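Okay, structure first, notes after.
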C-alpha cells in the first residue's frame, strides 16, 4: 500500500497523521493545485457538495450517500474547516483524496480557508491542541492559497463558494485574478467567497462585513451574459439542505447536517448526471457523532 493510500485509511479511521506526513501531503497537494486554473472546468457526471465545516463524521455520511472517490466525481465548494470539532481530519482527508485522485475530486476555496478566519473560528486552536505546535496549521493554510476560486460544469453551471461581485461581469474576468494570497478584505476574490443572494434588486452592502448582497436581476444578467443556466453556491445554512431561488437560476447547497451540532437542519448534495439532470440527495447527521465528545464554544453560524 502506498503512503497516500495508508494516509487515507488512517484519516478515514478518524486518526491523525504524523506532522511530518502532513507536511509531505500538503506539499504534494500544492503541486497539483498549482497547475489548476482559477476557474476549473468540470465534466458531468459530478456530485456538488457545500460547506462541511469540520464535521468529519458527517463527511463520512456524505460519502455513504454519494459514493466513494473515485467511483463518484466530487466538487466541494469550500469551508472545509472551522466550527466543527474535526477540521484537521476533514481537510486532510479531502486533500489526500485530491492527491490520490486529482481528476475525480475538485476543491474550491471558501471564506473560511483563510488564516485570519481560522484563528477565530476553531481550526487554529484545533491544530494547536492536536499537535502542540502550529506547524500543521501553517502547512494547511499555505494550501488554502492554492485552491481554485470557482468551477464551471459542462460550460453550463457556475459553481462558487459565496456569490457574485459587482466588479466583474464575466467568468473570464475571474481567470486573471492572482489567487495565491490570503483572502483580501475587499475586491473580486473576497466577494466570490463572501457574497449572498437575497430578494432585492441590484446590489447592497452585506451585514457580514465582507462581500455584497445581490438580487435576481443581477443573477439573470450574469447567467445570460455568460451562457450559463445556474449558479450553484454554498456559504449559507439551508435548513432543508438546499434552497432554490430566482426561478431556479441559483441554488444554495448545504452539506453540514445539524450544523454546529445544534441547528437541526438536514444536509444535501447535488448529483448531476451526464445530461445535467439534477438529483438532490438529503442526509442527516451521523448517528453517533464522536466529534461531540469534546466540548467547546461554537460561534454563531452565519459566517
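Keep in mind that glycine also has a Cβ here, set from the backbone N, Cα and C atoms.
Per Swiss-Prot, Mn(2+) 1 is bound by 51, 53; the candidate from 5, 21, 79 named for the same site is 79. Site annotation (Swiss-Prot): Mn(2+) 2 is bound by 79, 161, 235, and the candidate from 111, 135, 258, 265 recorded at this site is 111. In the structure as shown, the Cβ atom of residue 79 (Mn(2+) 1 binding site) sits within 10 Å of 27 other Cβ atoms. In terms of Cα distance, the binding-site residues that sit within 10 Å of residue 161 (Mn(2+) 2 binding site) are 51, 79, chosen from 51, 53, 79. Cα spacing between residue 112 (active site, proton donor) and residue 79 (Mn(2+) 1 binding site): 5 Å, rounded to the nearest whole number. What surrounds the Mn(2+) 1 site, by Cβ distance within 8 Å of the Cβ centroid and not counting 51, 53, 79, is the set 50, 52, 54, 78, 80, 81, 82, 83, 110, 112, 234, 255, 256 from the same chain.
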